[in-house]
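**Student:** From Swiss-Prot, for reference:
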BINDING   40, 188  substrate binding site
BINDING   116, 161  ATP binding site
């Protein structure tokens, strides 16, 4: 694989995020730490332009509003027209009719480079579960076959996170086991990961490999952060520090990836 992290730091890809209030600051700081240049906006009046000029677009359904839903569709369609990869984080899909309708509209209208979600949300998209309760997955075991079903259904890469992370394009599948349970004890850790995928798909043409690289790098940063942190309060700044100090050599040294 290309030296993705070195290329991110060199190119400083512009990542347009339509995300939620809870995650916005944390995600922006994480993107800056890896070497990307983030924009965090959710007004429909800017969405088309940002979708055209970004190096990747991240659509996060966290604190959803009518305006945000409109902005996501505009940004996603503009990105598609300009060859810009789009990542979707369908938080709490199935939780409400409004949320599910917006997610369905995006899935029908926008060609996605990747879907990043927890195992419960992926199960909803696969039709295996009626609803997901949100960022905290109600499915503990991450089943590769469910992720593969969604990847094939939407012709995209699926990054399904859980105790073991699954990355698949429907044909190739990898199990990624880097990470730390402390990520479950801070808010917006999954949202940051979704944004984190953006720089990688902007510099790696094979989105499946980009997904593996992103989730593995993030997991390694979490592991190294917990060597210095004593709890969630000290973990957050330590995680940002370790993201900042990530290198391709460090990822190669610590990666735990098993391709099926």
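Just so it is clear, glycine is given a Cβ too, placed from its N, Cα and C backbone atoms.
Can you walk me through where each of these features ends up in the structure?
**Tutor:** Its Cβ placed at the centre, residue 40 (substrate binding site) has 18 other Cβ atoms within 10 Å.
All protein chains shown were included, and the count of other CB atoms within 10 Å of the CB of residue 116 (ATP binding site) stands at 30.
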**Student:** Could you round the CA separation between residue 188 (substrate binding site) and residue 116 (ATP binding site) to a whole angstrom and send it over?
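**Tutor:** Between the Cα atoms of residue 188 (substrate binding site) and residue 116 (ATP binding site), the distance comes to 13 Å.
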**Student:** Using all protein chains shown, find which of the binding-site residues 161, 188 scores highest when you count other CB atoms within 10 A of its CB.
**Tutor:** 161
**Student:** Can you grab the distance from residue 40 (substrate binding site) over to residue 116 (ATP binding site)? Cα atoms, rounded to a whole Å.
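**Tutor:** Residue 40 (substrate binding site) and residue 116 (ATP binding site) have their Cα atoms 18 Å apart.
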